[in-house]
Each structure stands twice: as structure tokens, then as C-alpha cells.
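Listed in Swiss-Prot:
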- G4, I5, I6, S146, L147, T148, N160, I161, I162, P163, Y164, T165: 2,4-dihydroxypteridine 1 binding site (BINDING)
- C48, L49, T50, D62, V63, I64, Q65, E66, T67, G101, H102, V103, K137: 2,4-dihydroxypteridine 2 binding site (BINDING)
- 1-97: repeat 'Lumazine-binding 1' (REPEAT)
- 98-195: repeat 'Lumazine-binding 2' (REPEAT)
Amino acid sequence: MFTGIINGTATIVYIEKKKKKYRYTVELPSNLSKNLKLGDSISHNGCCLTVKLINNSFIICDVIQETLKSTNLGILNIGDSINIERSIKYGDEIGGHIISGHVMNTAEISKMSKSDNNCVIWLKMNNMSLMKYIFYKGFICVDGISLTVNDIIKNEFCVNIIPYTFLFTTIKDKKNGSLVNIEIDFYTQTIVDTTERLINNNLKSLYD
């Protein structure tokens, strides 16, 4: 589990591309590699990956084909930065919202507006069926960052980025057309899906 509060960014130093998976070598800042163990979960751009090997500040994680297809990890290159969050432990503060690290799809940045104290990003889902889970002032996880939906117009929604988040995450490297990972809030998805199922069952019973 994660909270969407990014601990820092890391750099991809090597990518081994195999037929059914990629193997990433990532260099972590020293504060993020402290007490890290084999088998630990760590969020890469919002994707929960398992630490397979550790060598000082370098870690290796495998990314399977399904994850490569549904996230932006498959288009990353050596030298790219990624958002990193260590998994939460019992008693840790939850500064954002509960995030599983199971990215559902990507969204494309359609517009970025920057000012001295704010950055507004408009996003367009690549899987439009996920838009039914987007609500005004609802939670959304973008590249591992816990954010709030600030507006919705047709098939696009926007989020606001505060200066701290802009400077200390990969958001500062984004531009129009960039792909970001999206995880819908679990509780929102559960409510929407349950309500839909109940309505459909009730409608079906009326005509049976």
C-alpha cells in the first residue's frame, strides 16, 4: 500500500528488455534505499514493483508484459526520472489517500498551464470507460501522486499541482502529449460498480 506522497525521484540507469518482461535497474537517492530489503514493494510512477536485487543504492525490478502495456513504464528510457514511494508501514501518516499501486491505464496530458504558485494539468483518459469513476473533488492518483480532481469537461479532467509537488516530482519534466499512469480511487470504483450492478439487477427483475 502507498499514500501518493512521493518520497523522491530516481533515475533509470539500465533496461534489460526480454520477450515477456523488462528488467529495470534504478539508482535511488540514499535516503530511499535505507533499510530496503529484497522482496519489498516500491512504487515506480505509481506502479507497485517488487525489489529483486539490491546493490548499495541500485535496485533491480522486473516489469511484466501486462504492466508494460497498461502503464508508461514501457516507454521509459535510460536516464529518465521516475517518482518513487516506499510502501507504508503500520503507524505511518497517510498524507494523501490509500493507493494499491495497481495502475489501471494511462492518460495523456492535453494542456499544462503554469504560474508562480500553481500548475493546472488537463488529462484525457486513453481508456474512456474509466471516466465514470472521475468525480469533482474526488481522489485520483497520477504517476503515483495523490491529487484531487478540480474540474471535469466532457472527456477530460484537470488537477492542480502545488509548487512543492511540481519541483520534487517528475511533473516538472512533463509536457503536452506526455503519458501518465492513472489509478482510480478504490472506494470510488467500488461504489460506482456496486451501484451500477444493483440498478442493472433491479431493472432486470422488472422485466423478468
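The backbone N, Cα and C atoms fix where each Cβ goes, glycine too.
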Applying a 10 Å Cβ distance cut-off over all chains shown, what neighbour count does V63 (2,4-dihydroxypteridine 2 binding site) have? 19
Rounded to the nearest Å, what's the C-alpha distance separating V63 (2,4-dihydroxypteridine 2 binding site) and I162 (2,4-dihydroxypteridine 1 binding site)? Just drop the number here, would you? 31
Binding-site residues compared (H102, K137) - the one with the fewest other Cβ atoms within 10 Å: K137
In the repeat 'Lumazine-binding 1' (1-97), how many residues does DSSP assign to helix, to strand and to coil? 13 helix, 44 strand, 40 coil
With Cβ-Cβ distance below 8 Å and at least 6 positions apart along the chain, what are the contacts of C48 (2,4-dihydroxypteridine 2 binding site)? List them in sequence order. F2, S41, I42, S87, S100, G101, H102
Number of Cβ atoms other than its own within 10 Å, given for T50 (2,4-dihydroxypteridine 2 binding site): 11
Report, in whole Å, the straight Cα-to-Cα distance of K137 (2,4-dihydroxypteridine 2 binding site) from L147 (2,4-dihydroxypteridine 1 binding site). 9
Mean per-residue pLDDT in the repeat 'Lumazine-binding 2' (98-195) works out to 95
